[in-house]
Amino acid sequence: MASSDKVVETVIVGNYVEMETEGKPKGMKSKIPNLFWHGGSVYDAWFSCASNQVAQVLLTLPYSFSQLGMLSGILFQLFYGLMGSWTAYLISILYVEYRTRKEREKVDFRNHVIQWFEVLDGLLGKHWRNVGLAFNCTFLLFGSVIQLIACASNIYYINDNLDKRTWTYIFGACCATTVFIPSFHNYRIWSFLGLIMTTYTAWYLTIASLLHGQVEGVKHSGPTKLVLYFTGATNILYTFGGHAVTVEIMHAMWKPQKFKAIYLIATLYVLTLTLPVAAAVYWAFGDMLLDHSNAFSLLPRTPFRDMAVILMLIHQFITFGFACTPLYFVWEKAIGMHECKSLCKRAAARLPVVVPIWFLAIIFPFFGPINSTVGSLLVSFTVYIIPALAHIFTFRSATARENAVEQPSKYFGRWVGTYTINVFVVVWVLIVGFGFGGWASMTNFIHQIDTFGLFTKCYQCPPPASAVSPPPHGHNATAAAPLHHPFNHTRSP
């Protein structure tokens, strides 16, 4: 066993160090471009995980708190944050196991990006690959759709001369430029800036809400209905389920075996943003949030709010790239373009991936409710259930456990403790996330379709000032109904 472990260690360290050397700048001319463009360090991975985890969902968490209530909202964030970190850890273990096995067989990954479905294929066979590929691609597709919807929803609060559907057309074209970003190596400066942008937005929302104070007659009645409760819970499940791109982020690292705790540390930082935002905005506006899924809509327009909106727009462009890049890789592999060295040819080949995303964002512009639906139906399997089951089945035999590249830590109770946690994750997410959450979020989502219709031109937009009579006194004055549709879309599904 000792000699076997030594061989495994040599394989891992040898290949990773070789790739690390290849990734370093070779001369002064390339130093500055590489400083901003070519990242593969532990810090790059941390910025990527943290930046990708909290994007537009930051604006919907107060909406979730209005559905869950303050206590449940806080507890669910902490609980799903830990659970998400656990399954990201499992994915990293399975990635290292797969890569080590393949490198023993002299497989060269220098021109090939390993993806989650390939890990499942190598460790468990084609049936696991097909299931993983279906869930992962569908989730990333709708994750990209959500970013486009969020872009249109946010820009409307700065410029309402155009309706949200028109803004979706415009931002769809802008986001299509992500086809020119080759891989996650090249997101170094973007992920760094993205985290700064969400940090500013989070603290702006928190401070602005506290300074604004509670609105007159504020009520904090949540939770009131099971449908709303589980819809809010699945939005938080979605919040901490951003590790559908974990494998691609790991593969972009020069030393992927150092990834283990990165997602947990990123989650802890993200909690310092999400908890204050959700609590402060909910404290200030209470039940009004049931009618306002975007937190920006309740705060008065100021230069600080406009800056937050602009920064979130840029960050959503970055997050669109994060969600869409794995889809680009899958498409490239399907058409045989993945190892092509021409950036322009690869970019042209990727364009068809953007079209269905653009189209779906126009069909379902339901900012907020769509997060919960994607969380319950797709995130629950993609980043919670499948990784936990894959770990159980990969190491189900005593031989596999003995020869595992990464042994479970004693802090988790070794193999028995790891299996116990995995079973708990599967059962909890299957029943609460997929079962109750799926029922609640689909009920709410169908209600959006019945209320607003598909292809709605301006979801949750107030009517023109000239088209409405003076609003009544009280907190409902800011919740004006859109023309032809009741605005109170979440209270009576």
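Using the three backbone atoms N, Cα and C, a Cβ is placed for every residue, glycine included.
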Field: 227-249, 457-479 - the range that TrEMBL marks as transmembrane segment
entry: 227-249
- request: Find the member of 167-185, 192-215, 227-249, 351-368 that has more C-beta pairs under 8 Å to the transmembrane segment (416-439) than any other listed stretch.
  value: 227-249
Closest-packing stretch to the transmembrane segment (133-155), where packing means Cβ pairs under 8 Å, from 74-96, 167-185, 261-285, 351-368, 374-395: 351-368
Message: Does the structure show the transmembrane segment (307-331) and the transmembrane segment (74-96) touching, where I'm treating 3 or more Cβ pairs under 8 angstroms (sequence separation 6 or more) as a contact?
response: no
Query: Honestly, do the transmembrane segment (227-249) and the transmembrane segment (192-215) touch, with at least three Cβ pairs under 8 Å and pairs 6 or more apart in sequence?
result: no
Query: Have the transmembrane segment (167-185) and the transmembrane segment (374-395) got at least three CB pairs under 8 Å, pairs 6 or more apart in sequence?
result: no
